[in-house]
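Among the features that TrEMBL reports, compositional bias 'Polar residues' is placed at 599-611. The region 'Disordered' annotation in TrEMBL covers 580-611. Per TrEMBL, transmembrane segment is recorded for 12-34, 54-72, 84-108, 129-150, 162-182, 194-218, 240-259, 280-302, 340-363, 383-406, 412-433, 521-541 (among others).
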Amino acid sequence: MGAPRDIGTFVVWDYVVFAGMLLISAVIGIYYAFAGGGQQTSKDFLMGGRRMTAVPVALSLTASFMSAVTVLGTPSEVYRFGAIFSIFAITYLLVVVLSAEIFLPVFYKLGITSTYEYLELRFNKWVRLCGTILFIVQTILYTGIVIYAPALALNQVTGFDLWGVVVATGVVCTFYCTMGGLKAVIWTDVFQVGIMVAGFASVIIKAALVQGGISTIINDAANGGRLNFWNFNPNPLQRHTFWTIIIGGTFTWTSIYGVNQSQVQRYISCKSRFQAKLSLYINLLGLWVILVCSVLCGLALYSRYHDCDPWTAKKVSAPDQLMPYLVLDILQDYPGLPGLFVACAYSGTLSTVSSSINALAAVTMEDLVKPRFPSLSEKSLSWLSQGMSVLFGALCIGMAALASLMGALLQAALSIFGMLGGPLMGLFALGILVPFANSIGALGGLLSGFAASLWVGIGAQLYPPLPERTMPLKLETYGCNSTYNGTNWLTTTEMPFSTSAFQVHNIERTPLMDNWYSLSYLYFSTVGTLVTLFVGMLLSVSTGGRKQNIDCRFLLTKEDFLSNFDTFKKKKQVLRYKSHPVEDGGTDNPAFNHIELNGTDQSSKINGTRL
């Protein structure tokens, strides 16, 4: 469908603003390709030479956490389900503390580039290989959706050229990743965070003016039941309650911040462990700002359309098109501002895609190329890293094309890939926190956790929860001029882009569907993590795990916590790059060294994950 006639359309200035954002991103890539002698080594290219400081890394973490799915999806989530989403502010605090105090100290002191190196050091090379391959496959799938889904939503409302945007986004991302490496990715993210906040701010300020002030927006939201912050119902089957967001949300997002290569690679690139931790805590402020902006946009959406919902009135065909619709409605008299909002949505996409491409290149080089070709020179490795960036950029654009052909399938896949984060976080937690865990326990636990989270997740796709579980709030159309034929609820089990294409209709609901398959989507990751930990510990104890001798560098120790206070003693930390020999196995007990089974990995973002 083209842009509706009662709202504005895109004009030349909007395209100029959008093109300007892409151009500046590309220029940053060119600058870092040559600044400071360019990317001399693969370490420069993949890790920024480990000389980054806290503030740019913090802004980069925030940007890559935020994809266009967040910019378009979170406001429509608040519009439909209410402001309880803002409880994620507490979740983000817990996630940052857990990532900074449990996972970061271990990864940082080992001086590793790929998080999967840790799995070989602690367990064995088969665990590492399985994790690596699954990370590569799912990240390409996820990135394709991140490029395509927002392009489709914006195309249907604004008439913005779909494939022009998809290809331009992919090419610009690949260009600056290949030219400038991690430094370019981080500094373009810093620029893109600014664009995102500006885009949100323009919508919030104009909406407040149009609606007669923030107080009117809050009053409308209160009257419509949107200020539902405190729902303490402990029922794990309700989609969003205080407990599902705090407990389930913490597990879901820690699997992204704690162990996902895209995020870990950034804070490990800092020049000291203090800077690395600081980057995570500063990033928390960024997450809070973005959350406040997106919740306010959702309340502004409701205030504007509380008596005439564009979705049920068929003016837009999906909830994620509501934000672009609002932008063209209230900003149509300001040429360039709708373009700024689209640039805001696409800054989210660029930052997510560029961090994925860079992480894919790092993992491929460290886990697949270097172990097999140890004699390659640094110059060759640097060129290969750049080649990998081009290859993965092309694959991500190709994946976006595939997403257009089998959209519904991939939207289901998005929540399935979210589930893989839980078992992987369980695996890393087992290695870092459980001294007696061995490779048999690790692989057995991983497979069990993977099976459990896949079972509940696929079941939820086939038999989505009933509306009384998801609790969408009422939308009205009495203020519309058009005729209206009744509400059409889209109940989804996950973040914004689910269409639940595989729903099995017209069958009698069983207790399994109404209970296990109706579990809140935020608990998928929790189930995976806990099953992995529990089974892993049982198997390790029963296969002699307590007899092995583990190097304490692979575990979280109390010295890791106490060293937080070393900063005040002015003692300079020197990071030894590759401070370990590359071994075949991580234990001293040869009986548990080479167990060949499968591992798995994760991705986020819906959300917010990054979606």
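From the backbone N, Cα and C atoms, a Cβ is placed for every residue, glycine too.
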Close approaches to the transmembrane segment (240-259) from elsewhere in its chain (Cβ under 8 angstroms; 6 or more beyond its ends):
61, 65, 81, 84-85, 87-88, 90-92, 94-96, 98-99, 102-103, 115, 230-234, 280, 418, 421-422, 424-425, 428, 471, 520-526, 529, 602-605, 609-610
The transmembrane segment (12-34): which same-chain residues, six or more beyond its ends, come within Cβ distance under 8 Å?
168-169, 172-173, 175-181, 183-184, 187-188, 191-192, 195, 335-340, 342-343, 346-347, 350
Quick test of the contact rule: Cβ under 8 Å, at least six residues beyond the ends. What residues does that give for the transmembrane segment (521-541)?
236, 239-240, 244-245, 247-249, 251-252, 255, 415, 418-423, 425-427, 429-430, 434, 436-438, 440-442, 444-446, 448-450, 452-453, 456-457, 460, 493-495
Maximum Cβ pairs under 8 Å to the transmembrane segment (383-406) - stretch from the list 129-150, 280-302, 340-363:
129-150
